[in-house]
Structure formats: structure tokens, C-alpha cells
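Below is one structure, written out as C-alpha cells; the observations come after it.
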Amino acid sequence: MTKSYSESGPAGEPQAQAPPGWAAGCLSPPADGPEADKKEEDLEALHGEAEEDALRNGEEEDEEDELDEEEEEEEEEEDDEQKPKRRGPKKKKMTKARLERFKLRRMKANARERNRMHGLNAALDNLRKVVPCYSKTQKLSKIETLRLAKNYIWALSEILRSGKSPDLVSFVQTLCKGLSQPTTNLVAGCLQLNPRTFLPEQSADAAPHLPPAGAPFAPPPFPYASPGLPSPPYGTMDSSHLFHLKPPHAYGAALEPFFEGGLPEGAGPAFDGPLSPPLSINGNFSFKHEPAADFDKSYAFTMHYPAGPLPAAPAHAAVFSGAAARCELPGDGLAPYEGHPHHERVLSAQLSAIFHE
């Protein structure tokens, strides 16, 4: 008789017995041998085909991308062949993010440059206030400001090195070295000097009808003054009285040695009053001569003209040879200038007509 239970193990526990054949058949799926194998093979084949299709699709996409890139490169090469070749790296495509970064960089660079120029202009404005050149009508250019500042620093350093008070003329010559004529006029106007007095080498560029600085003054052949000049407040019309001048106090003590020795007869400047600040006429600066206080008064005089017609031009000297005797300056019994303005205008017109005939 068979035992339904197996013998107990060493620990005395019963060992599980395998189920009978009919129970095993009910619990396990029916094993149709060749059909199950076919189904498994079909499933594996389907999985393999799907993987192969995916790989093929990926490879095809990669190939398409490569083809597109190759076509683009070929098009770019064709364009490059038509255009001259550029050196350096190829230009990348401008995407939206790169475009935004590019704009931001440009904005920052523009702001830096703007701040730099503002600082430079402010520094130049401060420098223009320091250098001895001031004008309400003209603003010095940047290069002229820097040149004048350099000359000013050099002149001050020479003063410190020598330890002596500088000569005004040499000081102004140092300041105006290498400057343009308008800037020189501005500097001279600030120091109340005439540019021709301290820059004789620049007078060669002046108009041909103007005498150079330092040249002897040639008096006119006629012993009377021209209509454009005020008549001198003397009882005689001798031309030697025209040159009894004193240096204007605007020149300072530096120019007094030029006037101490007295001016010889027939030499020296004509009537030049003190200089006002330079005037700007279309960018060119000129000096306006202000009449002195002595010339504010008017001096009426009478002139006797010959009754007959005027002779020809060569006889002008004979006609006016005795003009000094004919010109009389009565001091009493004459009305002031305001009393007969018409007479003065007629006299000036007559003198002008005589000169231009």
C-alpha cells in the first residue's frame, strides 16, 4: 500500500507532495506544443519588424536632414561663388534670441559712448573757462582749446622756472603759438592788445594796401587830415601833432618802453583808440576802435576854396600847398557842432569828392 504523505524531513516537517496528474492538467494552461511556438515566433517577428521600422525611419530622417544641409551648403557655395569670398568664420544664421542679444549689446555700447562724449564735452567746457580766451559770440573748437591750454601751461611753467614777471608781449606770443587767426584775435581781445603789435610775421598775410607792422608811416602829401579821421584839437594842421600819443593803459607796463623814447617825425601809428573786445562778422574777428574822450568834442573850422574851377589832378599839390594858412580855427563866436550839422555833412562830401576826382 502506498503512502499518501512523504516521510518527514530531518526537522520532522512534512514535505509537500506533487499534485496528481489531473490537477496539474487543470491548473496549467493547455500545452499545444507546435502552435504555441508559432505564436511566440510571430510576436518576436512583429517586435523585430517594429524596431527595424523605427530604425529605418530614424535613419531616413537623419538622411533627409543631411540632404537638406548639403543642399543649403551647396546653395551657399553657389552664392559664395557668385560673390567675392569672405575671409574668416562663416556668418551664422540670425535667430530671434541672437537678434535680441545683439540689440542689447548695441544699446549698452551706445550708452557707454554717449556718456564718454558727455564727459569729454564737460571737461572741455571747464577748460575753456580757465584758458585766457573768452567770447560770447564764438566757442573755441576742441583742437584750438587743447592747443591754447598747452601753450598756457607752457607759459606758466616758464614763469615758475624763471621766477620773474613775464613780458606781456612775449607772454601773448607764447600763448598764440600755433593758433589760428580767429583764436589769436580772441586772445588779443581778452588782453586788450592788437594782434599786429605782437605778431608781425602774420601781417604778411594781410591785405596788400595795409602797411606791415613796424614799417615807417608815410604821411599824406596834403597837410590836412582825411575826411574819415577826426580833426585834431590844435590851432595848426601840422602833421607832427598827430603823433603825440601815449600808450593806452590797456597795454600795461610791458609796452611802455616802446613809447618812452618818443616817436620820430613821420613814424608811428595813426589814430588808434583803445580796443574794444573783438567783433564777430561771419566768423571773422575784427577790433573796433573806440574814439578817445578828447575826440568826443567837435571842432568846427572854415575852409576857403578858390573861386575858379579846380585844376587837373597833377596840380593837387599846388592847390593845397597853402592849406595850412587857409584853415582857420576860430575859438570864439562859433556855434557848437549841433548848431550846424548840415554844414559839416556838406564839407565832408566836398572833401570826399576832391579825393576821388
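Here the Cβ of each residue, glycine as well, is placed from N, Cα and C on the backbone.
Quick caveat, the model's predicted, so the values are computed rather than measured.
Under the heading compositional bias 'Low complexity', Swiss-Prot lists 9-25.
Here Swiss-Prot flags 35-58 as compositional bias 'Basic and acidic residues'.
Annotation source Swiss-Prot lists compositional bias 'Acidic residues' at 59-81.
Summarising the annotation, Swiss-Prot assigns compositional bias 'Basic residues' to 84-96. A Cβ distance under 8 Å defines the sequence-distant neighbours of the compositional bias 'Basic residues' (84-96), meaning residues of its chain 6+ beyond its ends; these are 102.
This prediction places the mean pLDDT of the domain 'bHLH' (104-156) at 90. Look at Swiss-Prot and you will find 104-156 tagged as domain 'bHLH'.
Sequence annotations record features per position, and here Swiss-Prot assigns region 'Disordered' to 1-96.
Summarising the annotation, Swiss-Prot assigns motif 'Nuclear localization signal' to 90-96.
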- Message: Let's see if you can do this one: DSSP helix, strand and coil counts over the motif 'Nuclear localization signal' (90-96), in that order.
- Response: 1 helix, 0 strand, 6 coil
